[in-house]
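Listed in TrEMBL for this protein:
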DOMAIN    185-367  domain 'FAD-binding PCMH-type'
BINDING   217-223, 299-302, 351-357  FAD binding site
SITE      402  site 'Important for enzyme activity'
BINDING   497  substrate binding site
ACT_SITE  559  active site, proton donor/acceptor
């Protein structure tokens with residue numbers, strides 16, 4: 001039985017029944033239970049089919065990214081085409097945010113942001129350098145005729161259109177977007193292929209191996225590690241294997257609370273469709289509006305709510321990956337297995353170097369009935385870190401708890417929407433209370449944002465514990481609105497970099513994980529390192545800030561933002577990369593890791609020798625060489 005929409009086959013009921021029955025057989029082989037389970041599956045699927053058959057196409061595949069991504073997303077910047085920060089002029093310059101996808105949208109005036117940008121980064125709004133409106137000449141494709149002759153017989157959708165090729169030639173590092181705004185990459189994919197299922201991927205990789213063609217997988221394209229860049233000297237034909245047309249939820253197993261999902265599904269689409277059935281993965285990285293499930297697995301991603309749901313490696317049950325040697329998968333879906341080294345760990349974090357992830361079985365949970373936000377103001381960063389450490393020690397973390405330093409606290413304030421009269425009065429009272437009564441200094445205070453999820457009793461208990469711990473470290477509750485706003489701004493901040501480019505500002509983020517006893521030293525030393533190096537380059541206007549975003553028993557994730565005014569510099573990208581390189585050396589010197597969740601790609605590849613010993617790196621290389629002996633997956637990541 002199949003369901004069609006717009007002439008396309010979107011659901012294979014027989015395949016889903018078979019998959020569900022297969023897992024049932026692995027659990028229980030009694031004939032009565034099999035019949036009962038099969039009947040249950042048929043009833044559930046009949047309900048799902050009715051829902052889908054009567055649903056409009058937008059509901060059937062909500063948020064799905066089409067093959068022409070440029071129709072929805074910016075070709076040379078972050079996010080949706082209709083969403084961006086805009087500089088306007090009346091009596092003076094002011095900033096608004098366009099589109100209606102975010103709370104600060106609908107061209108809402110942000111009265112504090114313009115002055116903050118001018119004061120902090122020395123921006124002159126009369127000095128604007130807009131990006132290219134259209135791409136420059138895209139390099140001509142290299143076509144392997146023998147490969148194409150057989151490939152066209154597979155029936156897999158593909159394109160050699162310049163826009164399609166360029167859109168998949170990059171991720172979102174500072175260097176990549178800067179290049180798009182002013183020039184062109186020396187090498188881009190020669191062809192974009194859109195397989196629609198695991199079988200298509202197997203056929204494509206078999207053919208690429210046969211004809212010595214390079215495959216570079218791409219999901220959402222949100223990489224910030226240079227992972228999607230084509231090696232400049234690659235002379236073979238390069239195929240960008242775009243997984244986003246593999247976006248089906250194949251089945252949901254309510255008994256075992258798992259779901260099998262194709263790897264190309266985009267994060268927000270996955271969550272929306274699961275929630276329609278009453279489930280969630282709880283995995284929400286900052287990029288989840290645009291990043292894909294396969295990308296999460298390939299980079300060992302982390303989500304904002306990992307305290308409850310776990311990082312991607314904690315919620316993955318099974319992974320299916322197609323390599324030049326064949327398909328790699330584990331046959332048992334048990335919750336744990338003791339059978340030597342876990343082959344799935346070769347796939348998590350492999351960054352497209354050994355194969356293409358096609359299907360992933362994830363843990364799911366019921367949608368929590370209660371979700372509440374909160375925030376806490378601390379007199380200084382040290383008090384906030386100590387509070388987070390104690391919260392982690394007692395293992396009472398909410399879904400998300402993130403601590404921003406003073407610089408980021410002020411930055412967040414600059415993005416506040418206009419206040420009405422009562423809002424101004426309330427803000428004034430709060431400021432008087434914090435500064436005059438409690439003695440907080442506006443130049444040292446910082447804030448933590450909180451997100452609670454679960455049953456009412458759990459959330460209420462958790463709130464009491466956390467606010468009690470915070471009070472013992474000098475923290476004061478700052479209300480739910482600030483927490484909600486901080487959570488929303490997570491998705492908006494990425495748009496600011498595009499505005500900065502127009503006015504001579506380059507900016508980027510980088511992250512690390514570090515033991516608890518080194519968190520404060522690392523934060524201080526890295527910011528000091530960045531400021532010192534900026535002085536050596538005679539950079540006068542800089543912004544460097546950090547936040548503690550994830551907590552663990554043994555340490556935390558620290559996230560840095562860094563921006564500077566590059567007017568007067570001939571090569572700002574090179575200068576930025578030099579300064580960030582020194583910052584990463586400082587991170588490693590302070591006991592931090594090369595990356596917590598962004599991955600390695602090409603940008604952080606040179607620090608791998610400081611992460612593992614030579615035998616460890618040798619083992620990783622040997623795995624790559626076994627699965628991919630002719631280097632079909634030649635994206636140059638990791639090694």
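The backbone N, Cα and C atoms fix where each Cβ goes, glycine too.
Where TrEMBL records a feature, it is marked here on the structure.
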residue	record	CB count, 10 Å
217	FAD binding site	29
220	FAD binding site	25
223	FAD binding site	29
301	FAD binding site	26
352	FAD binding site	26
355	FAD binding site	27
402	site 'Important for enzyme activity'	24
497	substrate binding site	22
559	active site, proton donor/acceptor	21
Candidate nearest residue 220 (FAD binding site) in space, where candidates are the recorded positions 402, 497, 559 and distance is Cα-Cα: 497
The residue listed as 'active site, proton donor/acceptor' and residue 223 (FAD binding site), distance between Cα atoms, whole Å: 16
Nearest recorded site to residue 352 (FAD binding site) by CA-CA distance, among recorded positions 402, 497, 559: 559
Integer Cα-Cα distance in angstrom, residue 559 (active site, proton donor/acceptor) to residue 217 (FAD binding site): 27
Inter-residue C-alpha distance, residue 355 (FAD binding site) and the residue listed as 'substrate binding site' (nearest angstrom): 32
Pairwise CA distance, residue 497 (substrate binding site) versus residue 217 (FAD binding site), rounded so that it is a whole Å: 26
Rounded Cα-Cα span from residue 402 (site 'Important for enzyme activity') to residue 217 (FAD binding site), Å: 32
Rounded Cα-Cα span from residue 402 (site 'Important for enzyme activity') to residue 301 (FAD binding site), Å: 17
